[in-house]
Amino acid sequence: MQCYAPTRPERKSPVVSQSYPATQIMVQPGSLFNQRCLFSDWQKGKSKLGLRDLEGALTARDKVGVQDLVLLDAHKSEGAVLDNLKTRFSVDLIYTYIGTLLISVNPYKELDIYSKKHMDLYMGVNFYELPPHIYALADNAYQTMLTEANNHFILISGESGAGKTETTKKILQYYAVSCPSSALLDTVRDRMLMSNPVLEAFGNAKTLKNDNSSRFGKYMDIQFDSQGDAVGGHILSYLLEKSRVVHQNHGERNFHIFYQLVEGADEDLLRQLGLERDTEYYNYLAQGECTSMKTINDKNDWQTVKNALTVIHFDDSDIEHLFGIIASVLHLGNIYFDRDFKGFAVLNSSPELRWVSKLLGIHVQVLTKALSYRKIEAKAEEVLCPFTVDHAIYARDALAKAIYGRTFTWVVNHINESLENQDPARKTVIGLLDIYGFEVFYVNSNDTGLFEQFCINYCNEKLQQLFIQLTLKAEQEEYEAEGIEDEECMRPGDSTDLTFLEKLEEKMGHHPHFVTHRLANKKTRKTLERGDFRLLHYAGEVTYCVVGFIDKNNDLLYRHIKEVMQQSKNSIVQQCFLPDEGDGRRRPETVATQFRSSLQELTEILMAKEAWYVRCLKSNDNKNSGKFDDALVKHQVKYLGLMEHLRVRRAGFAYRRRYEDFLKRTKIFIRYARTLFATEDAYEICKHELVAKIQAKYKGYRARGEFIKQKEAATKIETCWRGVQARKEKQRREWAVKVIKQFIKGYITRGQAKTTDNSEYLAFVRQSYLMRLRDNLPKTVLDKNTWLSPPPVMTELQIKVVTSAIFKGKKDSYPQSVAMPFMDTRINEQDINIRVLEMVRHERIKYSVPVVKYDRNGFKPRPRQLLLTQAAVHLAEEAKLKQSISYAALKGVSVSNLGDTFMIFHVACDGPKQKGGVVLQCDHLYEVLTKLSLLANKQNAIKVLQGSIKFEIHGGKENVVDFSTGQEQMAYRDKNGHLMVQLKKGGFSVANEELVVIKAQDRGRGVGSGVKG
């Protein structure tokens, strides 16, 4: 069988299959001869250039290891793959193929493999003819685009610091050199190349893992005409990490442009911008404590950026205003706020404020007012509300982020204008996707990058799905957009980070790859804070802290500040803050919504193109040249799916060409007549065998049909019999369920008062204990070690014995309390504020109950939470710990002999923190005091008194609580300054009635408010 393949455009090599064919495919002699002549002429040309020796040296050098892992004998062994990568890496062979996929291992040093000679060597050569190289992949994508006249893209992926940005630059440099040249085309190529240093200056920064980390996603289309000339381009940017403008973690820096301006600008420019040549002086630059780096030369980079801006066609006015904006952001970071006597922010005139005013072209008083007050619209009126210091700092930082983020978008748009091609003729494109790297952050509530990294990792998940779809599932239909609403930012009421976490738990709690502190088991919960959630990504587990998620997602900039920025005389700021930006009353799209929409659009763009892949790997985490970390590389090989991709390529099932495209460019025919005669003879010989096989198939079909009928009849009979047996089993199980259900109900309610649900269970427990006790009685009464441990029902009786010893015959309401069961606690832990829990974390809460606390002087009732721990009594109000009394400082507790629920704690006033005795009212008085007596070992310190109870307060003073009976029950402050507690005659407990609290001066008029007593 022979195939005819049309010749490629001039300078291109013959078309060959990119797979590993099982049968040999021959090309029509005439066409092949012509192409071989062209290839021979090209080889001669290379010889004239002195490239043949270079080619030979490359080929000989590349014999180390296997250059295509598909040819590896032990291709199923992960160890063999890693050994091959390590062997090649040890001799600076950083590129390896898996079919057409290119693996690049970052060497963290300069290699002499990117010269003009190397570019010429790979130009127009078959993909597998020379050793693996980024130039080979770039050239093959280019040749395929010209031959098939369709669009392509190169997806460059990997962790942060794996070399994605450098790989993108190498591809751009190759196309700039290899494409045809003219004055107009040279201008386009120069602008493409020089857009890189500008975008890196404004969008890259030093992180812990990478000195030149892209803090935004970039997709660049290079447009080619029908002759293969680069005639234009377009750049799309995604999710700039704006929070880096105002905060950097330790060991990280702000965007490069700030340091380049301060370190590289001449003295005149610094003077015009009001800047000091000291990066440590600026708050927005010094937070990471690494303003200068040996690996970064800010002065040289500044000159590169200035030259690049000129090449990209930024005029002098644009450059002046652009640098003014960068300087204004630095000045904004050095604006500080004072606090007036009311706690509001005061912004006094300062040199930084005046410089911001000058550089942005906004009157200083207008700017001061915008940063100090918030405009609130109420119907037709506008009210100025002063900022607190925290709100003022938030507004300042939000303004700085907004200015920088919108300026970055303006820069990208300006670059696109300079690259735009006006020719309406059809063009093909090659896209370069340099997306953010996957990173794992250690949880830190001060880490400003967690929300952005959450979005970045979501993007990496989507691109991993796209990679699998295009390489391993080429026939699958395009997956639909998810369409998840950003609910937490649109829900009514106050949205907080914790409510967002609760919504995640509600929506995703069932998913095995999602876990939070509340949903985790005991072992995992120790590794998670209350505001954390953990996701299992394709690259491993990542823990995120939700602190700051809502604010960053809203990315709120107050409307009145936008209106002030619209008054700017800076031409770039005017374009960034347009007057018709939108109705201020309409909620703007959140960051996550915008990013998800952009990512969906990017996915649609990529799905319409043919894909090429470069997988960048980090050789080690410390950026050391020559070091190959086996465990790190193995992890990357695993989560990038390279082993699965290798197995698919090896099996020959991977995506190559659409059948329709292959059919258009291929002709299959029989060349010689004898081949036709031989085919006819073979048919005569085998046709009888074919008839026998067809008859056998038909008879088998009939027999199988009869068998299926008999099998269905047997199945129906068996089904009826099993149904009868199943109904009997159902009745038996229903009876068992009723018995078990009644037993479980009794077990669940065993701690409550005796009811119909638990009466039989409690009787069974007591009977069982007594029967076991009968058979296991100790030999002597004095032997206390061999007695059986009683069940909880019996244990509660022991606690009730303690209560009886304290109150029996002494307090009127004690008989009514005997039948009421004691509870382990009256307040669940989740109902206690998390800050209070943090304050008492070194102690263990044994019991908690709601109480009413009366002030020591005015006796005003206030709701509190009473917490009993191992060491002290705590009174809490919402997120505050109002008072703590150690058991050592607790001298005793007094109660009256009447049916009230008041108790007075007598506290020694030894230190300044102790304010003296505490008057409390609690519905569960007997339970509280019994728990307290057992925890503090103070059974003898609880006194039941008659009449009045005195207690000491701070300063050596005393106060008194008087108890009496009357026609109505109430508690009020008497004219003599005492707290008067009056109960109805009859000796009942006020725990179940209303207690009226009345001010002394209003007692005669009957004015009061009901408080549960």
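Cβ from N, Cα, C; glycine included.
Since the structure is predicted, the reported quantities are computational estimates derived from the model, not experimental observations.
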Of the residue ranges 93-115, 116-138, 599-621, 668-690, the one that TrEMBL records as region 'Actin-binding':
599-621
How does the model score the domain 'TH1' (811-985) in terms of mean pLDDT?
88
Sort the residues of the region 'Actin-binding' (599-621) into helix, strand and coil with DSSP and give the three counts.
9 helix, 9 strand, 5 coil
By Cβ count within 10 Å, point out the most packed of the binding-site residues listed: G158, E159, S160, G161, K164.
K164
